[in-house]
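Chemist: The domain 'Response regulatory' annotation in Swiss-Prot covers 3-121, and the record cites sequence analysis as its basis. Taken from Swiss-Prot, the feature 4-aspartylphosphate applies to D54. What Swiss-Prot lists as domain 'CheB-type methylesterase' is 158-322. The active site annotation in Swiss-Prot covers S170, H197, D290 and rests on sequence analysis.
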Amino acid sequence: MIRVLLVDDSPVTLMVLQSILEKEPDISVIGQAKNGKEAIILASRLAPDIITMDINMPDLDGFATTRQIMERTPVPIIIVSGIDNLEEIRASFRAVEAGALAVFRKPPAYGDPDYEEAVSEFVNAIRTYSEVKVIRRRSNHLKVPKPEASTIQIPFQIHQDIRVIVIGASTGGPQVIQEIISNLPLGFPLPLVLVQHMSPGFIEGLALWLTESTGFPVSIAREGEVLQPGKLYVAPDGIHTGVTSDLRFSFSISPPEHNLRPSVSYLFRSAAKNLGSHVLGILLSGMGSDGAEELLQIRQNGGCTIIQDRDSSFVYGMPGAAEMLNAGMFSLPPVEIARFLRSLSERRQL
């Protein structure tokens with residue numbers, strides 16, 4: 001039985017979330033907190049398997065509450081937020097930085113066209129994220145210092161030939177992406193393209209949070225746009241995003257892959273097909289196997305491939321599936337991925 005603590009200052013929202021979850025035979029709501037202070041007490045007293053966290057609450061907001069819980073009694077936390085308020089979305093990603101695993105939209109009212117999809121997404125998130133092993137966050141948590149050059153030997157042909165870096169991520173991805181790009185130099189000589197599995201409505205907030213927290217330029221990809229070096233592009237909601245041979249974005253509304261659109265598989269496959277050996281593919285932490293076979297295609301077509309290592313992954317599903325296929329040339333933690341990219345940048349300039 002999955003034991004859930006609900007945190008929200010709205011009695012109506014608490015009632016709605018409880019009514020959704022109590023229909024599930026494997027889920028039990030063991031408590032409700034109306035503010036952050038109650039949440040901290042109940043998290044310690046009840047030891048839930050997972051907490052759903054609101055952001056805008058009196059006295060102690062969701063960001064501060066998440067931070068204190070992760071410092072004292074670490075437990076999987078998902079942020080359940082509205083998607084109509086950009087400031088609330090931005091605050092949601094600050095909570096991710098403090099240790100929350102993911103951000104999801106609050107289910108709309110019954111009868112709304114998106115109700116069934118949102119409810120299914122919420123319930124699946126409870127089941128999925130309750131299994132993630134989390135660690136205690138230090139109160140004096142600091143950003144990782146700028147990494148030195150990687151000790152990994154990068155073949156000369158690789159650092160001369162790469163034209164684009166494509167990245168796929170799911171569970172734990174935002175934190176890892178933040179760590180990687182915060183350690184890239186200004187004027188990084190290559191474009192980066194990211195597919196991040198995320199609840200609809202939060203991609204713009206993700207891009208804003210990454211830009212503000214790292215100083216690295218991040219934007220939402222646009223169809224036909226020419227990729228520029230030194231910039232991270234994030235695939236938009238609901239659209240498969242690919243790259244062409246002349247480094248432009250191509251979009252598609254073809255059926256979802258792995259029940260996902262955009263999918264990592266679509267991005268990686270387009271890069272392997274259109275750019276061959278000129279691609280660096282990186283597959284980060286996440287559930288399932290999205291992108292694993294296509295990472296192998298990048299490697300088979302002469303590109304360079306990296307998977308996040310098991311120890312640093314929140315969930316080793318996607319990189320683990322790639323490892324089983326021998327798709328990754330390198331298996332690295334985030335700090336080493338950043339070092340690899342810095343070395344790639346520095347050696348290209350020699």
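Glycine too: its Cβ is placed from the backbone N, Cα and C atoms.
Small disclaimer: the values here were computed from a predicted structure and weren't measured.
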Chemist: To the nearest whole angstrom, what is the C-alpha distance linking D290 (active site) and S170 (active site)?
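Modeler: Cα of D290 (active site) to Cα of S170 (active site) measures 9 Å after rounding.
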Chemist: Taking helix as H, G and I and strand as E and B in DSSP, count the residues of the domain 'Response regulatory' (3-121) in helix, strand and coil.
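Modeler: Split by secondary structure, the domain 'Response regulatory' (3-121) comes out as 53 helix, 25 strand, 41 coil.
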Chemist: What is the separation, in Å, between the Cα atoms of H197 (active site) and S170 (active site)?
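Modeler: Here the two Cα atoms are 5 Å apart.
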Chemist: Take the C-alpha atoms of D54 (4-aspartylphosphate) and S170 (active site) and report the distance between them in angstrom, rounded.
Modeler: 21
Chemist: Sequence gap of 6 or more, C-beta under 8 Å: which same-chain residues meet both conditions with respect to S170 (active site)?
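Modeler: Correct list: Q196, H197, L284, S285, G286, M287, G288, D290, V315, G317, M318.
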Chemist: Considering every residue in the domain 'Response regulatory' (3-121), what is the mean pLDDT value?
Modeler: 93
